[in-house]
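Annotations per TrEMBL:
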- 26-45: transmembrane segment (TRANSMEM)
- 51-70: transmembrane segment (TRANSMEM)
- 82-104: transmembrane segment (TRANSMEM)
- 165-185: transmembrane segment (TRANSMEM)
- 249-272: transmembrane segment (TRANSMEM)
- 292-311: transmembrane segment (TRANSMEM)
- 323-340: transmembrane segment (TRANSMEM)
- 346-366: transmembrane segment (TRANSMEM)
- 378-402: transmembrane segment (TRANSMEM)
- 408-431: transmembrane segment (TRANSMEM)
Amino acid sequence: VGGRPRGLRAPPLTAPLPDRSLAQSLWALFTSSLTISLVFAVIPFCRNVKVLASVMALAGLAMGCIDTVANMQLVRVYQKDSAIFLQVLHFFVGFGALLSPLIADPFLSENSCLPANSTVNVTSGRRLFHASRVLGQHHAGAWPWANQTLPGLSPPDGAGTRVSYAFWIMALINLPVPMAVLYLLSKERLLTCCPQRRPLLLSADELALETQPPEKEAASSLPPKVQSHPVHEDLFSCCRRRNFRGAPYSFFAIHVTAALVLFMTDGMTGAYSTFVYSYAVEKPMSMGHRMAGYLPSLFWGFITLGQLVSIPISSRVRPATMVFINVVGVVVTHLVLLAFSYNVIFLFAGTACLGLFLSSTFPSLLAHTEDILQYKGCATTVLVTGAGLGEMSLQMLVGWVFQARGSYSFLVCGVIFACLAFTFYILLLFFHRMHPGLSSAVPPQDRPCGTEGSECYQR
C-alpha cells in the first residue's frame, strides 16, 4: 500500500509484450542509413542523368524516413522532456550540413566547368546558378548550354576520380550509423540470429516506473485496465482512422496550422540559403563572387550555432515561447533587410540573425504541438511532411519570381513568408485555447495513469 522503495522495479503484471513500434523504427533507421551509404558509393558510377535522378530520389526517400522516424521516436519516448532531445538531434543535422562541404572541398576541381572559347556569358551564368538549378525545364531554353555537350567541356584528367573520392568518403563516414543501429537491434533482442539478452533500452512502462516521483509510484501498481500501453502498437498506429473519431475540429486545425508554420519557416531556410548568393552578386548589391560566397556559409554556420545554444535554453524556456521569439525575430530581420537593401553590413548581420532565429523553430514547434495534443495525434508525421513540402516548393517559387522580377523580389518574398508564418502561429495559439485537451476528450478510465483527471490519479 505504501509503494515500493525508490529505484526498484515493480514486478510486471503480465509477460512483457514486444515493442513493435521500436522494432519497426530501428529496422527503418537501419535500412535507410544503409541505403544512404550505398547511394553515395554508387553516385560516381552514374553516367546517365535519369539513372542519377533515380538514385538521388532513393536517397531522398531514405533521408525522409530517417527524419520522420527519428523525430517521432524521440517525441514518443521522452514526451514532455523531448524538446531538449529534439534540439540535440537538429544540432547534429546542422553540424553535418556544415561539415560535409568541408570534406568534399579538397576533391573539387578549381577549373571552370565551361570551356574558355564558349560564347556563354560566364558571369551571368555564375550569378544565376542557384536560380537555374531549381527552375527545372521551365527555363531550359534560356540556357542553351545546359543540355548540350560543348567543345572542351570535358573535365581535366583525374578530376572525375577526385570528385568520386568525396562521395566514397561520405559513404564510409556514414557506415558506422547502420552498424550502430544493428548493434542496438541485437541488444534489443530483435535479431533472430542473436542470443536472447536483457534489452538495452527500458520499455516505456519501465522507464515511467523508474522516473516517477514517490507520491505517484503507488498508482502504478493498479490493475492494467487503468493503464495504457501505446508503446506496443505499430509505428504509425497514431494515424489510424479510429483515433480521429469524435475528435474536435481544433484537433485537425492544430495539425494544419503547425504544419503551415513549418512550411513557411523551412521553406524560408531553403530559399534563403539557395538564393542569397544570387541576390548578393546582382544589383543593387553587386558584391564580388568570393565575398558573396561567404553568405550561405555564414547562414548555415549560425543555424548550427543557434541549434547548439538552444539545447540548454530549451531546458529552461517553454517551446511555445521559443517559437514565438523565433517567428517574431524572422519577421523583424526580414523587414530590416528590406529597409537596408543597399547595405552590405546589414546583409551579413541579417543573414546571421536569420540563421539564429530559424535554427530552433522546427524542434521547438514539434515539441509544443505534440504537447498540445497530449502525444495522441500524428503531429510529427504531419509537421515533417509540411516542412519538406515548404522546403521544396518555396525554393521553386522564389526562383521563378527572382527570374521574372529581379533580385529585389527575393527580400519581398522573405517578408511575405515571414508574415504568413507569424499569422499561422497566431492561429495555432488560438486553436490551442479552443482545444478541449485530454481532460475533456478522454474518459477518466482511458487516461494514462498519473495524469490529471485519470481514475488512478483521483484515487
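Every residue gets a Cβ built from N, Cα and C, even glycine.
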Decide whether the stretches the transmembrane segment (323-340) and the transmembrane segment (249-272) have at least 3 CB pairs under 8 angstroms, with pairs required to be 6 or more apart in sequence.
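Checked: the transmembrane segment (323-340) vs the transmembrane segment (249-272), in contact.
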With CB pairs under 8 Å as the measure, which of the listed stretches 26-45, 82-104, 292-311, 378-402 comes out on top against the transmembrane segment (346-366)?
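Stretch with maximum Cβ contacts: 292-311.
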Using a Cβ distance cut-off of under 8 Å, indicate which of 51-70, 165-185, 249-272 has the most pairs with the transmembrane segment (378-402).
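Most contacts with the transmembrane segment (378-402): 249-272.
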Given the cut-off of 8 Å on Cβ pairs that are 6 or more apart in sequence, determine whether the transmembrane segment (249-272) and the transmembrane segment (408-431) share at least 3 such pairs.
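Yes; at least 3 Cβ pairs under 8 Å.
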Given the cut-off of 8 Å on Cβ pairs that are 6 or more apart in sequence, determine whether the transmembrane segment (165-185) and the transmembrane segment (82-104) share at least 3 such pairs.
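Stretch pair touches.
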Give residue numbers and ranges for long-range contacts of the transmembrane segment (51-70): same chain, 6 or more residues beyond its ends, CB-CB under 8 A.
25, 28-29, 31-33, 35-36, 39-40, 42-43, 89, 235, 380-381, 384-385, 388
Six or more residues out from either end of the transmembrane segment (26-45), which same-chain residues have a Cβ under 8 Å from its Cβ atoms?
52, 55-56, 58-59, 61-63, 65-66, 69-70, 160, 163-164, 167-168, 170-172, 174-175, 177-178, 181-182, 184-185, 188, 190, 235
